[in-house]
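Asks: Quick paste of what Swiss-Prot says about this protein:
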type	residues	note
BINDING	Q96, D98, E104, N119, D120	Ca(2+) binding site
DISULFID	C3-C14	disulfide bond
DISULFID	C31-C131	disulfide bond
DISULFID	C38-C133	disulfide bond
DISULFID	C106-C123	disulfide bond
DOMAIN	10-132	domain 'C-type lectin'
Amino acid sequence: NNCPLDWLPMNGLCYKIFNQLKTWEDAEMFCRKYKPGCHLASFHRYGESLEIAEYISDYHKGQENVWIGLRDKKKDFSWEWTDRSCTDYLTWDKNQPDHYQNKEFCVELVSLTGYRLWNDQVCESKDAFLCQCKF
């Protein structure tokens, strides 16, 4: 575990919640600039979702939803992670994703679900965000 103090170590990667509010694009750029190889976080198992949810509940200062690295670039419900990892696990909130008004193409953790479930959201909305890095 080479993660800095306030980062969550999990499966060889480190995760950190940032409380400043950014658009999805700005959040991804922030993670990338933080350290080469960093991205908005990706998830691949239920256990990871739970651990992250617990971590965010402990460290997130606001009530806002939290951006993760999933988006629908082609706008056709083909979801992709920014770290190019396999989209093998999805845990949507009820009746999501819905591309509401054909405007929602970025994915956030929903605070009302304890950060366990996902919603597609307008990418220009401002949320807190979760970076994932290797140290």
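Placed from the backbone N, Cα and C atoms, the Cβ positions cover glycine too.
So that I understand the layout, could you describe where these features sit and how close they are to other parts?
Replies: The number of other Cβ atoms within 10 Å of the Cβ belonging to D98 (Ca(2+) binding site), over all protein chains shown, comes to 13. Under the DSSP three-state reduction, D98 (Ca(2+) binding site) is assigned to coil, being neither helix nor strand.
Neighbour density for C14 (disulfide bond): within 10 A of its CB lie 20 other CB atoms from the protein chains shown.
All protein chains included, C131 (disulfide bond) registers 24 other Cβ atoms within 10 Å of its own Cβ.
Annotation for C38 (disulfide bond): spatial neighbours C31, R32, C131, Q132, C133, K134, criterion Cβ-Cβ under 8 Å with sequence separation of six or more.
Within 10 Å of the C-beta of C106 (disulfide bond) we count 25 further C-beta atoms, all protein chains included.
Helix, strand and coil counts under DSSP for the domain 'C-type lectin' (10-132) come to 31 helix, 39 strand, 53 coil.
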Asks: Using a Cβ-Cβ cut-off under 8 angstroms and a sequence gap of six or more, which residues of the chain neighbour N119 (Ca(2+) binding site)?
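Replies: Result: N65, W92, D93, Q96, P97, E104, V107, E108, V110.
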Asks: Rounded to a whole angstrom, what is the C-alpha distance between C123 (disulfide bond) and C14 (disulfide bond)?
Replies: 24
Asks: If you average the pLDDT over the domain 'C-type lectin' (10-132), what number do you get?
Replies: 96
